[in-house]
Every structure is written in structure tokens, then in C-alpha cells.
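Have a look at the structure below, then the notes.
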Amino acid sequence: MSAIENFDAHTPMMQQYLKLKAQHPEILLFYRMGDFYELFYDDAKRASQLLDISLTKRGASAGEPIPMAGIPYHAVENYLAKLVNQGESVAICEQIGDPATSKGPVERKVVRIVTPGTISDEALLQERQDNLLAAIWQDSKGFGYATLDISSGRFRLSEPADRETMAAELQRTNPAELLYAEDFAEMSLIEGRRGLRRRPLWEFEIDTARQQLNLQFGTRDLVGFGVENAPRGLCAAGCLLQYAKDTQRTTLPHIRSITMEREQDSIIMDAATRRNLEITQNLAGGAENTLASVLDCTVTPMGSRMLKRWLHMPVRDTRVLLERQQTIGALQDFTAELQPVLRQVGDLERILARLALRTARPRDLARMRHAFQQLPELRAQLETVDSAPVQALREKMGEFAELRDLLERAIIDTPPVLVRDGGVIASGY
């Protein structure tokens, strides 16, 4: 940005903006000013094209008019959704100081970074589709690949042996955002993908990765997760975890384990085969008339996402296959009774993730309360199902009576969208 070259000539407010922008040079900066988020200079020009909003000018600083574009703060989620869908990332800068006591510009700081692969907000996510952040690493022995669904905490790694296998993994997982090393040699493998992010080499160092992962899981080593001898996968996982922490600006307590995905555990399909099978995406890029659209009769978003993962990774273990088949067979006679109850559970998985990330909203608490209210009925209906796996699941299923009671007493029946709107806590609590 040429404005930085003459920094001292700018007004104090623009100096503050330029300092914050210098910390996030490659992404858009939403700079809070009153009831609007403003964008300046090149960011304003990009945003006006990406969002189809007006590009104006704000006075002058350093003797030059300042290109500017703005959006109302109360509509920010709609604009973020548009940007994320185009593979863009945004740093959200809020006023944290008191205007009444501030000398000069009100103190501001970046409080969160919204990227395509790290979103957890309900308004920004496709509810029946996984939203994955991924990282890719390569050395002379092959590839390392890691994926994280931050909205559920599901963390996976693998070590594709060659280019063809790596291409198939990218086709299967279809990440919303992909991190790669600055010296990545196989750029033709990832060119044209959405949400590409170039990262420095040191973020992929194996020792740093082991340290990061052990710290995250509270362990001394990674043997218990079965990933200790997967150095390339760990390099990718370490970079991915560091990026997630940097963007969320908080701890990630819901990420408690990591799983190794091995090629021999599932049916091998190359990228072209996956594409032509139209498992979740047809050849035109849509979701109509795909295998998933035909089979998906699930009533919860969680179930829909799991079904799609199963379709994309058909297992070869006959024990697992038989257990699934027998369980589904046992549940078929109870579909009419179970589906109405399950439909009321909603997307508990993502609500819990937002609670862990401290981004939950009042209505998330109301939905969690409503989900917990269904659990006694669900457990009662499962009691008569003649299936050992179902009964094992039922035994593990808690009813969370104390938490349900707390939410029933503390949160009003229909809370507002945001805490700042007030009226969340029930009268008399």
C-alpha cells in the first residue's frame, strides 16, 4: 500500500488504520467506525467489486483522497458470507476503547479473523456439508495432508504416497481453504482451488508440529493417536493447528484428538472416478441428482454430514460394514417414531463447537436446551431396539438433566439473536 510510504503525513486515525492493516496485508480489514465497518485504499476497491457496494472517498490524508467503502455493522454476517464463498478472508477490527476517555482515535484491535476454512457461525456455513481447513506438505518421500473441521473438532491426517493419491484426497475432502508451503513444488496439483494460503516453511517444521499437538492434547507424545510415525502428515497438521489458533484468537478446547487415515482402510478411488461417480457433486458442479441426494433421508444436519463422509470413504473392514448394516436394519422398524424426535435435536455438534470457541449466541443456548429436552424420549424409544451397538450407544447417551434444568431456568423461551440486544436471561433468575 503506497499510503504507508508517507506514514507520518497521515491523520492519527489513518495512522492507526495503517498499523492494523500492516499486520494483515493479504486479507481485507473491516475497520469499525460507529455503526459501520469501513474499508480503505486497495481494500475498498476490492470490496466494492466483490460485494457490489459503492466506492466513495473520505476527505484526504497525506494530501490524497482516501478510497473508501463501508457496510452496516448489523448486516456484517451477510457480507462475510459473500466474501467467504468467494474464498476471501477478513480481519474484524473493533473499537475496544472508551470514546469518552480516549485522547485521539479510539483504541481498536483485530478481535477475530474470518477465513473460509475456520468459520463456525451458523450464517456462514452450509449446514449439511463439512467445512474443512486443510494443509498440504511435500518432501522427497511423498505428501503429508491434514484436515480440520473446526465446527466439530474432527482432526485427520494422512500420507498420500504419490501425486495421483494426493489428487484423489483433495477431490474427496474438497477443503474450503488449503494451506501450502512457500516452496511447494506441485503447484499444478492445487492451482485453481479456492481459498489457497501460502505459508512460511517454519510453520511446517516437524519438531514444532509435535510440540504444538502435544500441547493441544495435553500429552507427552502422540503414540496413543497412532500418528507418531507419520512425519509428513504431522508437518501438515502442525501448520494447520497453528493457523487455526492464530485466526480464532482463542483456545480450541474441543479439538482433543487426531486420527490417521490410511489408504488401505477404504476403497481406493482416483480423482476422476470420484468425479464421475457424482457422489456429492454432479458434473455441472451442483448437488442435484447425486448419490448423496438420492440416499440422504437424514433429519439432522449431523447425520447428513456423516452420511456424506461414509459415501466418500467406503470402508473395507467387514466388521464395520456388518455392524452398520445390522444397526440400520434394526432401526428401520422405528423410523416413524425416531425421526420426529431426532428432527428436534438439530445441529448439536456445531452448537457445542461454538460454545468451545466462545462464539455461541443466545439462540444456540435455546437450541441446546431444546435438544436436551428430547433426550429422555430418545433413550426411551431406543430401549426396545434389538441391536447391541444401539444399546451400547444408548448406555453412553446422557440426559444432562442438571444442565437442561439450568438452561430452562436461566434463558428465556425465545432469546434475541445477539447478547447485546438484551433480554436473554429469564426474569427472576
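Glycine is no exception: its Cβ is also placed from the backbone N, Cα and C atoms.
Feature annotations, courtesy of TrEMBL:
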DOMAIN    11-122  domain 'DNA mismatch repair protein MutS-like N-terminal'
DOMAIN    131-256  domain 'DNA mismatch repair protein MutS connector'
DOMAIN    272-426  domain 'DNA mismatch repair protein MutS core'
So, by DSSP, how many helix, strand and coil residues make up the domain 'DNA mismatch repair protein MutS connector' (131-256)? 52 helix, 29 strand, 45 coil
For the domain 'DNA mismatch repair protein MutS-like N-terminal' (11-122), what's the mean pLDDT in this predicted model? 91
The domain 'DNA mismatch repair protein MutS-like N-terminal' (11-122), counted residue by residue under DSSP: helix, strand, coil: 37 helix, 39 strand, 36 coil
